[in-house]
Amino acid sequence: MASSDGAVDDASRIRREIEALKNERSDIDRQISDLETQLRGLQSKTEVVHNDGLAAHGLSPDLIYRHSRHLMLPSFGVQGQSKLSKSSVLVVGAGGLGSPALLYLAACGLGKIGIVDHDVVELNNLHRQVIHSEEYIGSPKVESAAAACLKINSTVLITKHQEALRTTNALDIVSKYDIVIDATDNAPSRYLINDCCVVLGKPLVSGAAIGMEGQLTVYNYKGGPCYRCLFPLPPPTTACQRCSDSGVLGVVPGIIGCLQALEAIKIASSVGEPLSGRMLLLDSLSTKIRIVKIRGRSSQCEVCGENSFFTPQHFKGFDYEKFTQTPLSVAPVKLSLLTPDFRITAKEYKQRIVQGEAHVLVDVRPEHHFKIVSLPNALNIPLTMIEQRVGDISSALKEKQPNSSGSSPHLYVVCRRGNDSQRAVQLLHKLGFVAARDIIGGIESWAREVDPKFPTY
Amino acid sequence: MQLTLEFGGGLELLCDSVKVHDVKVDGGDEKKMSMKNLLHWVRTNLIKERPEMFMKGDTVRPGILVLVNDCDWELSGQLETVLEDKDVIVFISTLHGG
Ligand SMILES: [Zn+2]
């Protein structure tokens, strides 16, 4: 006992020390970043003086050396680089798509980069959000991303917008940049960013990735279509998958994010043909890349069409969450479909196990989720299979039936977060299992309230 | 008539997770078939679950892009597009993740 207490004390002491050191480090980072900003101010003043002796492109000797491989490209050259250095790009979302996009944008010699993100870095982001590292877990993504960009290139001007893009701040933020990269992960943000870009006349480089697939196109570029020309109506909410729910192979958003940086660089430097009026579809499983021709600007489009009068005022008043029936924030939805009589907490369920209560626990997550981790003795019947496998539930209950004429065994349902379990209980009630109940908050609340060592994902 | 039908962006989940289907469809008396008829054929013969995730009314649900030979069907007449032997039709759901 004594030695394990000692270990616990040691662990909490070490944690406190780590915390204190992290705080010191972020103080030092802030001081460094302030000094660098000052230094950049001074340098740009001295550069003006030296420029008298240089060519008209205005690139300093340092910048010529840094970007020499760009300058030697006949199709890019001094002209492309010079345009790039006077251009600015806003990246909305410093996640799986934004990470590689930002790294390349920081490296390429853009004048100004803006980063919008309200989130903090989490351990389960790192497999795909390669701009962040372990030391930044718990810190804002904009801080982590800006620090990584400045490590590559201390001459680029980075503006951190640590907030979600909303109708209240979007016009103000987006108007400060020439090009916008949509690297977000949800439908309302995609409509919001599109409309804002149309109102302000900014080209929009739009990328998306989920599972093993990715998509890329450029909207609102020189009379080309906007997002709404293609998708005037939002898809049903059940068709919108997020990486946090559906999974994604890390390198897939990486590829799309790199292509987003490429398209932004082409637009900023006026080099090549941006992917407007065309869409790139990546299927990484079969390594197939398709580039398809999409419709042009639609005259009927509600925001960019000939007869549309979508003004900044309309934009500010538009309810994107209502339009798409999806919240802008990443926080998972918490449904409340059942009355409290049909729900128990994870702690209560634990008590019932300890008391040896006869029961059956049905886990309604998909099979590949169940394989990651599950509660003891749980029976896996995915939500979509319940009706087909009613017989399995009945026989499991029968097996638990005590020999005496005691009360019949209880039926509990669990899922990941406590939404599907409620849907399942509603269905089970209809199918005749009138006493079925769900565990509030799913296995995530089990991990939080009962067993902190229980893995979450 | 021989057609290749491809499903992507998650729509393959509606047809037993198979992405590519090489199919023979009968356009009736004529040797041609419209996209409108093909949609109903797909719904009857390939879609195994949640048909409302594929169609709404007479057409595909919002958020699905339809491509006929790598070209947006808006450019070929949408539901009225006339299909020919060996055409490749892609149904792809728009992605939002990132
Ligand atoms: Zn439009």
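Yeah, the Cβs are placed from backbone N, Cα and C, and that goes for glycine too.
Between the listed ranges A:4-45, A:382-423, TrEMBL ties the annotation coiled coil to A:4-45. Binding of ATP is attributed by TrEMBL to A:D117, A:N124, A:N125, A:L126, A:H127, A:R128, A:K141, A:D185, A:N186, and the same site annotation extends, among A:G96, A:G211, A:G214, A:G223, to A:G96. Apart from A:C226, A:C229, A:C301, A:C304, the residues listed for Zn(2+), the same chain places the Cβ atoms of A:V198, A:Y219, A:N220, A:P225, A:Y227, A:R228, A:L230, A:R297, A:S298, A:E302, A:V303, A:G305 within 8 Å of the centroid of those Cβ atoms.
Confidence annotation: the domain 'Rhodanese' (A:355-455) carries a mean pLDDT of 92 in the model. In the domain 'Rhodanese' (A:355-455), the DSSP tally of helix, strand and coil residues is 38 helix, 16 strand, 47 coil.
Each residue contributes its Cα atom, and for A:L126 (ATP binding site) and A:C304 (Zn(2+) binding site) these two points are 38 Å apart. In sequence order, A:G96, A:D185 are the recorded positions among A:G96, A:N124, A:D185, A:C229, A:C415 whose C-beta falls under 8 Å from a C-beta of chain B.
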